[in-house]
Amino acid sequence: MCELGSGSVSLVSMAKRTLGTAGVRTVCFSYLFIHYALLVAYVARSSEILTNSLGIPLLESATLFSLAFGGLCYFGSQRVIGAVNGFLVFSIIASFTVLVVVASGNIQWSSLLETNFAAAPQSIPIIALSFVYQNVVPVLCTNLEGDLSKVRKAIVLGTAIPLALFLVWDAVILGTIPGFAESGTITDPLQQLRSSNGTVGPIVEAFSFLAIGTSYIGFVLGLTDFIADLLKLPSGQNKPLTYLVTLFPPLVLSLLDPEIFFKALDFAGTYGVLVLFGVFPAAMSWSERYSNDLEAPISPIVPGGKLTLSFVMGGALLVIFSEVFKDIMCSYKD
């Protein structure tokens, strides 16, 4: 921040400093890939919910969702968007609480002792995707004026709270659906929960739709800003083009393959998140600490040296290449 003389530092500027032009291009591609993949997943899932609830065709439900939430981002002021997003978050918390209370009444505690370690590696991309917040860390550092103690506290607490909610949710799923942990097939846990307890169906649909809605808003705003900056569009003249480029492709792709929800999540977690937030941060940190090309390498402010950074990069690459191998083998068999 001091070197650039700016109050904010982006992933692109960090990559440019530490990894050069090739690093910047890969970061840009990964960023776009993650956002488009997730927007496709959000439109696909939300349109499915609207179709089941309102009885309208997928084309109409997907278009309705995209226009409603995309229109909010396009026409709404920052204050209006913040108010709507705040209402959605409050509704998510309320529906999550009700869902856990209702569903937990059927928990079989013995089911929580069941294990299936063979299935664990398949969850890594989704786990990585579930804890993606690294793209807002530069903004966080700016807002907290570079106070290291406050930044650490925000990151630790910001990770711990969702982790606790995920553990509660996993306990409800694994404890409510007998034999779910031992199943060798990949299924939708929400669908399983709906079929095992008819009461939770509407709550699950409401919770899912609200969660998708607030995530969709954040990704649309982030991607439109990124595209405007990438294309160097003049301020105030970029809205129509950037929103068209942001909203239209996910809408079309979700309609071409209505079952794309899990595929998009898996691809985003494996090939987007693990590259952008697994390989690249470790590579940038390595360059900052040990490169002789930088004029003023910074001192480490978090523990761990070359061994830790190698473990992070190696672990991310291992998952990526294992998924590539699996996809190639599946395509070969087909």
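Glycine is no exception: its Cβ is also placed from the backbone N, Cα and C atoms.
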Of the residue ranges 123-142, 183-202, the one that TrEMBL records as transmembrane segment: 123-142
Contact between the transmembrane segment (123-142) and the transmembrane segment (268-286) (at least 3 Cβ pairs under 8 Å, separation 6+): yes
Residue numbers, six or more beyond the limits of the transmembrane segment (56-75), whose CB comes under 8 Å of its CB atoms: 43-44, 46-48, 50, 81, 84, 213, 216-217, 220-221, 224, 239, 243, 246-247, 250-251, 254-255, 258
CB contact flag for the transmembrane segment (268-286) and the transmembrane segment (307-325), at least three pairs under 8 A: yes
Leading stretch by Cβ pairs under 8 Å, where the reference is the transmembrane segment (82-103) and the options are 22-44, 154-177, 206-228, 307-325: 206-228
Sequence-remote partners of the transmembrane segment (307-325) [C-beta within less than 8 Å, at least six residues beyond its ends]: 121, 124-125, 266, 270-271, 274-275, 278-279, 281-283, 285-286
